[in-house]
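Asks: Below are the features I grabbed from Swiss-Prot:
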BINDING   Gly9, Leu10, Glu11, Gly12, Ala13, Gly14, Lys15, Ser16  ATP binding site
Amino acid sequence: MSKFIVIEGLEGAGKSTAIKNVLATLAKHGITSPVTTREPGGTPLAEKMRELVKQGHPDEPLTDMAELLLLYAARAQLVGNVIKPALARGEWVVGDRHDLSSQAYQGGGRGFDRELMMTMRNTVLGDFKPDLTIYMDIDPKLGLQRASARGELDRIEQMKLDFFERSRERYLEFANSDESIITIDAGQDLETVTNSIITALEAWLVKNGN
C-alpha cells in the first residue's frame, strides 16, 4: 500500500542527508523507486513560485501574505498533479517539506494567525496529510551556521535568528501533539543522526506492515 513520507526541519538540519537515508531504508524493504518531491516546487508552475518565494523580485518586495499564498498555490499544484496521482497508482512518495513547513515558518516565524493557517491548510488540502513526517530538530544557531557554510543564503535563510526560533517552537508544538511526526535530534554527529533515522523508520515500517 502506498505511503507519503515527509522530511521536515529548519535550514541546516540535514534534510538532504535524511532523505538519502530514508530512500536507502525503503529500498531495503523493496520500495525501490518512490516518487520524490520538494516544496515549494515539484511541478513546472510550482517551481516558478518557488523561485519567487526563495529569491523575491528585484523591483518589488514580496509581502508576507503573498508569500503565504504562493506557497499554498505551489502546494495545490504539487499535491493535485503529482502526489495524489502517484499514491493512487500505488507508488510511495518521499517529500522534502510539506504543509508543516508553512505552519512553522509562516505560522510561527511570520506570526500569521493560527486560525488563518488552519483555514488555508483545510481549504487547500482537506484531510490529506503525510502518513509519516520525520522532523529534523536542530538549534537554529547551529542550523544557520551549517547553512551559511554551504554558501550564499536565499531570501528565507537570511531571516534573523528569532524568526527561526519561533519557527522551531511551532515545529515542536506540532511534533509533540501528532503521533505521525517522529522527532530526530539533528544536532548530533552524522553517524548518530543517521542511525536514529534508520531505526525510527525501520520501526515504523514494521508497524505499518512493510
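Each position is counted from 1, following the chain as shown.
Every residue, even glycine, has its Cβ placed from backbone N, Cα and C.
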Asks: Across all the protein chains here, work out how many other Cβ atoms are within 10 Å of the Cβ of Gly9 (ATP binding site).
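Replies: The answer is 26 other Cβ atoms.
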Asks: Near Ala13 (ATP binding site), which residues of its chain come within a Cβ-Cβ distance under 8 Å, counting only those 6 or more away in sequence?
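Replies: Set apart from Ala13 (ATP binding site) by at least 6 residues yet with Cβ under 8 Å, we have Met136, Asp137, Ile138, Gly143, Ala186.
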Asks: Note the Cβ centroid of Gly9, Leu10, Glu11, Gly12, Ala13, Gly14, Lys15, Ser16, the recorded ATP site, then list each other residue of that chain whose Cβ lies within 8 Å of it, in sequence.
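Replies: Close Cβ neighbours, site residues excluded: Ala18, Met136, Ile138, Gly143, Arg146, Ala147, Ala186.
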Asks: DSSP three-state call for Ser16 (ATP binding site): helix, strand or coil?
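Replies: Once the DSSP labels are grouped into three classes, Ser16 (ATP binding site) ends up as helix.
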Asks: Can you name the residues of this chain that are 6 or more positions from Leu10 (ATP binding site) yet have a C-beta less than 8 Å from its C-beta?
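Replies: The answer is Met136, Ile138, Pro140, Gly143, Phe164, Ser167, Arg168, Tyr171.
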Asks: Taking the Cβ of Gly12 (ATP binding site) as centre, how many other Cβ atoms lie within 10 Å?
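Replies: Around Gly12 (ATP binding site), other Cβ atoms within 10 Å: 24.
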